[in-house]
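Encoded as structure tokens, the structure appears first; notes follow it.
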Number of protein chains: 4
Amino acid sequence: MKVKVAVNGYGTIGKRVADAVNLQKDMEVVGVTKTKPDFEAKLAVKKGYKLYVAIPERIELFEKAEVKVEGTIDDLLEKVDVVVDCSPNKVGAENKPKYEKAGVKAIFQGGEKSHVAEVSFNALANYDDARGKNFVRVVSCNTTGLARFISVVKSVADVKKVRATMIRRVVDPKEDKKGLVNGIMPDPVRLPSHHAEDVKTVLPDVNIVTTAFKVPTTLMHVHGISIELDGKLEDIVAALEDEPRIMLISEEDGFTSTAKIIEYARELRMRYDIFENVVWRESLAIHEGELFAVQAIHQEAIVVPENVDAIRAMFELADKEESMKLTNESLGIKK
Amino acid sequence: MKVKVAVNGYGTIGKRVADAVNLQKDMEVVGVTKTKPDFEAKLAVKKGYKLYVAIPERIELFEKAEVKVEGTIDDLLEKVDVVVDCSPNKVGAENKPKYEKAGVKAIFQGGEKSHVAEVSFNALANYDDARGKNFVRVVSCNTTGLARFISVVKSVADVKKVRATMIRRVVDPKEDKKGLVNGIMPDPVRLPSHHAEDVKTVLPDVNIVTTAFKVPTTLMHVHGISIELDGKLEDIVAALEDEPRIMLISEEDGFTSTAKIIEYARELRMRYDIFENVVWRESLAIHEGELFAVQAIHQEAIVVPENVDAIRAMFELADKEESMKLTNESLGIKK
Amino acid sequence: MKVKVAVNGYGTIGKRVADAVNLQKDMEVVGVTKTKPDFEAKLAVKKGYKLYVAIPERIELFEKAEVKVEGTIDDLLEKVDVVVDCSPNKVGAENKPKYEKAGVKAIFQGGEKSHVAEVSFNALANYDDARGKNFVRVVSCNTTGLARFISVVKSVADVKKVRATMIRRVVDPKEDKKGLVNGIMPDPVRLPSHHAEDVKTVLPDVNIVTTAFKVPTTLMHVHGISIELDGKLEDIVAALEDEPRIMLISEEDGFTSTAKIIEYARELRMRYDIFENVVWRESLAIHEGELFAVQAIHQEAIVVPENVDAIRAMFELADKEESMKLTNESLGIKK
Amino acid sequence: MKVKVAVNGYGTIGKRVADAVNLQKDMEVVGVTKTKPDFEAKLAVKKGYKLYVAIPERIELFEKAEVKVEGTIDDLLEKVDVVVDCSPNKVGAENKPKYEKAGVKAIFQGGEKSHVAEVSFNALANYDDARGKNFVRVVSCNTTGLARFISVVKSVADVKKVRATMIRRVVDPKEDKKGLVNGIMPDPVRLPSHHAEDVKTVLPDVNIVTTAFKVPTTLMHVHGISIELDGKLEDIVAALEDEPRIMLISEEDGFTSTAKIIEYARELRMRYDIFENVVWRESLAIHEGELFAVQAIHQEAIVVPENVDAIRAMFELADKEESMKLTNESLGIKK
Ligand SMILES: NC(=O)c1ccc[n+]([C@@H]2O[C@H](COP(=O)([O-])OP(=O)(O)OC[C@H]3O[C@@H](n4cnc5c(N)ncnc54)[C@H](O)[C@@H]3O)[C@@H](O)[C@H]2O)c1
Ligand SMILES: NC(=O)c1ccc[n+]([C@@H]2O[C@H](COP(=O)([O-])OP(=O)(O)OC[C@H]3O[C@@H](n4cnc5c(N)ncnc54)[C@H](O)[C@@H]3O)[C@@H](O)[C@H]2O)c1
Ligand SMILES: NC(=O)c1ccc[n+]([C@@H]2O[C@H](COP(=O)([O-])OP(=O)(O)OC[C@H]3O[C@@H](n4cnc5c(N)ncnc54)[C@H](O)[C@@H]3O)[C@@H](O)[C@H]2O)c1
Ligand SMILES: NC(=O)c1ccc[n+]([C@@H]2O[C@H](COP(=O)([O-])OP(=O)(O)OC[C@H]3O[C@@H](n4cnc5c(N)ncnc54)[C@H](O)[C@@H]3O)[C@@H](O)[C@H]2O)c1
């Protein structure tokens, strides 16, 4: 029996989660929701997803646009075991009562406060904490990127203090109303930034401090990381080389910026999705007891495997190793 | 017997042409060339292309980088019937003597002057002019976009005068050294622009005048077109709807900018390649005897089907209808 | 006796209008308003403007921030003869009843619908229409740019049809929340665009058709213009050379883009304000009975002299020639 | 007797240095050089600078363009005591033999390697090291920003280790050929970056480690700084408040990004020059023994006061306090 999954909010994250879930043998997408009958809604139908209306009052809009829907989110919730909420920031919390009422498990995304769920989740960092839980939050793209990197380093070195600077893409590529066109924005201005706290929701014992900025690009975030630690560079490099969710790249191969990384990804996967942390090999160095690293994070894709693993943990379908292996294989995440 | 094709210059255009040629039943890629052993070279090998060195002196670089090559461009030319030159602007003309010496046919791209070839080419506009020719130039992305649109309109209306303004992406997405970061550049400043002359290389009888600008974006060009004509809007819309190399989109569906078009294309094809002119349905209007239209052109992809058709014309493998049909089917260009 | 002027909305346009009014001998700024005690408010005070609160309920915010205010907009309106409303798009219309109640004349900006006022205004195009009026709307930056150019051409040639494409900066330089980061947006998609109608509010007899696009830059708009006409290029160039509100520049001098124009303006005036249409000399050409031109418009500054002239017209302080001369001299607009 | 100054290379830095030198009572600009008769050259003449040709062979270009020149750089060097070389990166070193032959002192900019000069210079950090020297290099904009901030902190706290991340504007605003349009570029990829070494040329005893990135903006660099230290936040804030070359700003006042800072600067100084480090007040915090700070650096202007001070040090015209005071007063740098 497959776990029956609803995706509430078929947007940037939702459409990727739906496709990833559908690639798994132990789960299936029963339906996805949209609030408007736009091209994303039409694509969902074209791809064979059953479409439901996220905001029941809007069902007419879909009828008028001749986009076939199967019902509303309420109808959908009756048919599933778990809903992956991929609605916009803060909306997940508003949706939660619906899920409770329908008696379904739910996964929330990083745009929600951590207390929306019983536990925050990152597969490498704390898979087991989500076992059997009903409400789980997959941490944000930036937190996922940091949690993975730190988890791998921690596995072979004694991590004392992490410092990370996040240089964030200001909007996703599809966005054409918001942005920062020419400038750099400290976000937040008040330091250190709240991101460190978010990392601690999945790696509570790590001493970490963060700062963050927004810059006018759409492609990827970039993290400058330094970690005070006891450990050897070669062990760390080996551990990073071993972990499928980390992709090591080389400036020597022409990877001079996130623009080149995306150019590469366009050849590899649909939507140029990069589920892995992309770490520059040449950036890795130990200097005065501190590991340096630069990694690029494809914000649109990186949390996708984590959502799949979270479902497995919540339904205890598999242990960490097995779940990650299944997810990786299905998504083409490999060394 | 398949036509044996070499792709000289496996860059933005070259890699797309190689993949497209490989999808045809009547032709095959014998080898592709690179000047540096970078990630694009490695991807070519990974995809199964035989790699040759475009600049023979650089063979050592490849050896040092442990990228397997089969020889140099000279070796490759011995094995093929036609070379598709996809080297940078102006370099095609420098390469031509090599092709002549090797006795192979050659296709050049739009970055070359028109006199590099016997004829300039756009499938819809002048397929037959390339029949049996040895040297053909596929016109640039902007010219291809205009030539297609005008050809379709001409088929159902009496075109008197075309005016077009090209708003051009300043660099391709992979470029990270060149650009215009914040500004608008008339290019050329001197009006009218030379682009009109380029359109006339494939549509000699059209009265056309053009202006062009560069703007800080990487995704697509946009053309504002107005055509003085005798004809009916409904006939023109029907003709555009009929032509597979034109894709009609609607603002109503959420297509508000090139950012949204690319978001859509990411779901449709690898590398989000859009081989079609993308025309906004709502932009089409006749006002005081003039047709108005706005179209977006994916500069990286639009000339790809034209290169395939050019090969067929040069080897007289098929007539226009048949060639375009084969190319369209293989590339997923359909209504 | 000087005309007493209030500036309601000390933002991008308001602060420039205030400074310009203050440079005139026949008018004076009595006060300016802000809605928030931010750095713009503090600068107003530092520059010696009396500050009033545009939204009375917010007076506490200013007190808390220790920014000295003289009262609210209602207090200010009692002291003035005319208010220049520089509030955001559509807000001017909401403010109008206040002005009527206070019995003061008012100028609105281009973000308002034309029926907010008795007449729309551009000094070169229709100065006399505003004589003695109580409610006048200064047309938008794009319309001002077109109206000026066409007026000058009309003075020496028989204009038959104007076609203009506007390539618009997506946001002003200070904006850091809105934008289009990577893309081109037809705005509007539906053609021809409404801008032509706006030009006709000040040049009713001109046959004009327009299209418009937004692009990710902050500095200036650029217009590609073509005008079917009877006339001589040399007369047109001479007329443009004669008109102080037109600045002719040359690509030869290094003006390759709006970035270079702004670099130049940074040396000339505070805030790099360019009150003139900036026309590329090399772009001017007559081709098949059609004049071609490319001009750049500094959206933040171009309407400033027009606001000053509008005040003179409304109070019949001077005729067109004299007003424009006074405004030009005070603002350093000269040949 | 005033020190006679030549500015070789009247570009972004050169034109600012020329204006700043001209504001000093103890020095004067004898002439400036250009390599092309473009608008910058014409502006120099219009401003009253005597213009010389930097590359003697090009004198004809100026004649053809009817831009009046007084001679070549060689003629100019005969008339001066010191040349401020503001030519492009690496060109200063090529120019040095000319200066040696002419027997004039010379100042180089941060684009040169440190060994081009006897000493690298930052007024706050090591004014006295340049006393009486013949060849001095003013460190780069980024290094100047860091050196100033650290110098102030060091004056009231015991600095143990500095970590800084530089988020750099990719090109200056006037640049329209180079850039990074959509992406983030680690520059360098190899960590830690060479910038730390450059800081040590003026602050040799500071333990500092740096990383740097380029992002698609033109306005300012932004630095995220953390400093392990013994000291009190209030002392540090007080010291920063005291130092004229530091400007403290508040997010509360609406300073949310570099876009807003520049909007403010446009009201303050011609060319919106910001000679000060701009430090966000809210970013200042001590967390686990580490000071956090975010500062924005106006790359075009920040080294200007340093060039003036360097001249005074080289000719022993004044001691550090006095020179900085004179420079500050003349440039409007004040608290
Ligand atoms: N985009 C990213 O880079 C990214 C990365 C990691 C996590 N996230 C998080 O994922 C979540 C979704 O973000 P996104 O970028 O996919 O947003 P999105 O705007 O692309 O998609 C949100 C979708 O939710 C739908 N929606 C709107 N209101 C809804 C409602 N009341 N109920 C259900 N659906 C509704 C919208 O129609 C849209 O399809 C957010 O919490 C965000 O913080 C986003
Ligand atoms: N990129 C576009 O948007 C676009 C669109 C239509 C047409 N074109 C035209 O296509 C041609 C190729 O442009 P591109 O964008 O693919 O460039 P590109 O820089 O992406 O690729 C050019 C390739 O040629 C190789 N090369 C360099 N020197 C060479 C030589 N001497 N011989 C053979 N190969 C060499 C390079 O290694 C590179 O792989 C140009 O004529 C261009 O004007 C480009
Ligand atoms: N910015 C441009 O490029 C430009 C060019 C030409 C015309 N305009 C027009 O000028 C007008 C002002 O635009 P802007 O760019 O200066 O906007 P802005 O946002 O820079 O300034 C608007 C000012 O109005 C104030 N304000 C907000 N609500 C108010 C209210 N209820 N009453 C009074 N003041 C209020 C704000 O505090 C702000 O200071 C708009 O109509 C706009 O369309 C703008
Ligand atoms: N622009 C910045 O942000 C910045 C900041 C700090 C330091 N710097 C440094 O200042 C120096 C100048 O940079 P810039 O940004 O002003 O460059 P720029 O390109 O704006 O100006 C350089 C000037 O030098 C002239 N020039 C070219 N060749 C010359 C030659 N052989 N001899 C004399 N002059 C010549 C050019 O005509 C131009 O006017 C570089 O070392 C740079 O690294 C620049």
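Yeah, the Cβs are placed from backbone N, Cα and C, and that goes for glycine too.
Keep in mind that TrEMBL annotations are predicted by a computer and have not been checked by a curator.
Counting residues per DSSP class in helix, strand and coil order gives 57 helix, 34 strand, 48 coil for the domain 'Glyceraldehyde 3-phosphate dehydrogenase NAD(P) binding' (B:3-141). The domain 'Glyceraldehyde 3-phosphate dehydrogenase NAD(P) binding' annotation in TrEMBL covers B:3-141.
DSSP assigns B:GLN299 (NAD(+) binding site) to coil in the three-state reduction, placing it in neither a helix nor a strand. Among the features that TrEMBL reports, NAD(+) binding site is placed at B:THR12, B:ILE13, B:GLY111, B:ARG169, B:GLN299.
TrEMBL lists B:SER140, B:CYS141, B:ASN142, B:HIS195, B:ALA196 with the feature D-glyceraldehyde 3-phosphate binding site. Just so you know, the Cβ of B:HIS195 (D-glyceraldehyde 3-phosphate binding site) picks up 22 other Cβ atoms within 10 Å once every protein chain is counted. Secondary structure at B:HIS195 (D-glyceraldehyde 3-phosphate binding site), taken from DSSP and collapsed to helix, strand or coil, is helix.
The annotation active site, nucleophile is assigned in TrEMBL to B:CYS141. The 10 Å shell around the Cβ of B:CYS141 (D-glyceraldehyde 3-phosphate binding site) contains 24 further Cβ atoms across the protein chains shown.
Other than B:THR12, B:ILE13, B:GLY111, B:ARG169, B:GLN299, the residues of this chain whose Cβ falls within 8 Å of the Cβ centroid of the NAD(+) site are, in sequence order, B:CYS141, B:ASP172, B:GLU300, B:VAL303. If you compare every pair of Cα atoms in B:THR12, B:ILE13, B:GLY111, B:ARG169, B:GLN299, the residues listed for NAD(+), the longest distance is 16 angstrom. Considering only the binding-site residues B:ILE13, B:GLY111, B:ARG169, B:GLN299, the residue whose Cα is spatially closest to the Cα of B:CYS141 (D-glyceraldehyde 3-phosphate binding site) is B:GLN299. For ligand 2, there are no nearby binding-site residues; that is, of B:ASN142, B:ARG169, B:HIS195, B:ALA196, none has a C-beta under 6 Å from one of its atoms. Looking only at the domain 'Glyceraldehyde 3-phosphate dehydrogenase NAD(P) binding' (B:3-141), the predicted model's pLDDT averages out at 97.
Excluding B:SER140, B:CYS141, B:ASN142, B:HIS195, B:ALA196 themselves, the residues of that chain whose CB lies within 8 A of the CB mean position for the D-glyceraldehyde 3-phosphate site are, in sequence, B:GLY110, B:VAL139, B:THR143, B:THR144, B:GLY145, B:LEU146, B:MET166, B:ASP198, B:VAL199, B:THR210, B:ALA212. Binding of D-glyceraldehyde 3-phosphate is attributed in the record to B:SER140, B:CYS141, B:ASN142, B:HIS195, B:ALA196, and the widest Cα separation among these residues amounts to 13 Å.
Every protein chain shown contributes to the tally, and the Cβ of B:GLN299 (NAD(+) binding site) ends up with 25 other Cβ atoms within 10 Å.
In sequence order, B:GLY110, B:MET166, B:ARG168, B:HIS195, B:ASP198, B:ALA212, B:HIS221, B:HIS223, B:ILE297, B:GLN299 are the residues of the chain that are 6 or more apart from B:ASN142 (D-glyceraldehyde 3-phosphate binding site) and have a CB within less than 8 Å of its CB.
Within 10 Å of its Cβ, the residue among the binding-site residues B:THR12, B:SER140 with the fewest other Cβ atoms is B:THR12. The sparsest Cβ neighbourhood within 10 Å, among the listed binding-site residues (B:ILE13, B:ALA196), is found at B:ALA196.
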